[in-house]
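Colleague: Shown below is the structure under consideration.
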Amino acid sequence: MLSQDVSDLEGRDYYIDTHAHLDMIKEKTPQEAVQEAERERVRIILNIGAHLEASHQAVEMAQSFPNVFATMGVHPHDARFLTRKAVEEMRKLCKSPKVVAVGETGLDYFRNLSTPEEQRQAFIWQIELARELELPLVVHDRDAHKDIKGILKSEEVKRGVLHCFSADEAMIDFCLEQGLHISITGNITFKNAQRLRGMVKKIPLDILMLETDCPFLAPHPFRGQENYPKYIPLIARAVAEAKGVSEDEVMRQTTENAFQLFGFTA
Ligand SMILES: [Zn+2]
């Protein structure tokens, strides 16, 4: 049960940033980022834990801002630091109020900062944790589509989101079969992102969510600068254009989807 009163958040007439790293923003305080987002109708921010220390901070931030929630995870880059003892610590943290998911976890074979072996082990431990705690999973996949699909399938992961979608039609089909959500970042606004816009056109709106992945991946025309949750409407506009629907429809449906997956009202 969450302690937050979200009764003023009914109606779905606002945006949710489903993937932000408020702890990594440098040019503003988290408070400024949250307030500016609110002015752009981005009223819920899911602050993603990418390593244990960040996860601790995410829990603290969720406690200080009513509309910020947290996830608990160790990114594939840091997989080598995830020990069984650290998983125990995660299990405890996951029970804090306002923790709504496990992740981000997954595989990143582009940078390989941890070995593929270490990444797969950390991924599986976090899948087990999510299953045990009945929480959805936030999945990072970079250049690892085959192994991501293999592990999600064999582990029967049915509740989660593939974040920063960058894959192909086969991955869309896979997510639909498994019942997984897909979230879209600011890279959909980039001038050279025609292929991604074509893919988004094929993803049913009822499994889509929006995310900034801030401070990374600022949308056009802020590409290359620090990114903030307040830019979500720019991503919504690009999704609306790609799918030929209104921005309002994208807003309401992606917000509803995020509520269904993360259960902010639980
Ligand atoms: Zn992230």
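Every residue, even glycine, has its Cβ placed from backbone N, Cα and C.
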Colleague: Check TrEMBL for me: it has H19, H21, E104 binding divalent metal cation 1, so pick out which one of D206, D213 it puts in that same site.
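Modeller: Within the candidate list, TrEMBL flags D213.
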Colleague: List, in sequence order, those binding-site residues among H21, E104, D213 whose Cα sits within 10 Å of the Cα of H163 (divalent metal cation 2 binding site).
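Modeller: E104, D213, listed in sequence order.
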Colleague: Tell me which of the binding-site residues E104, D213 sits in the most Cβ-dense spot, judged by other Cβ atoms within 10 Å.
Modeller: E104
Colleague: Which residues does H140 (divalent metal cation 2 binding site) neighbour through Cβ under 8 Å, counting only same-chain ones at least six apart?
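Modeller: The answer is H75, P76, G103, E104, T105, G106, L107, D108, H163, C164.
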Colleague: Given the binding-site residues H19, H21, H163, and counting only Cβ atoms in the protein chains shown, which has the most within 10 Å of its Cβ?
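Modeller: The most densely surrounded of these binding-site residues is H19.
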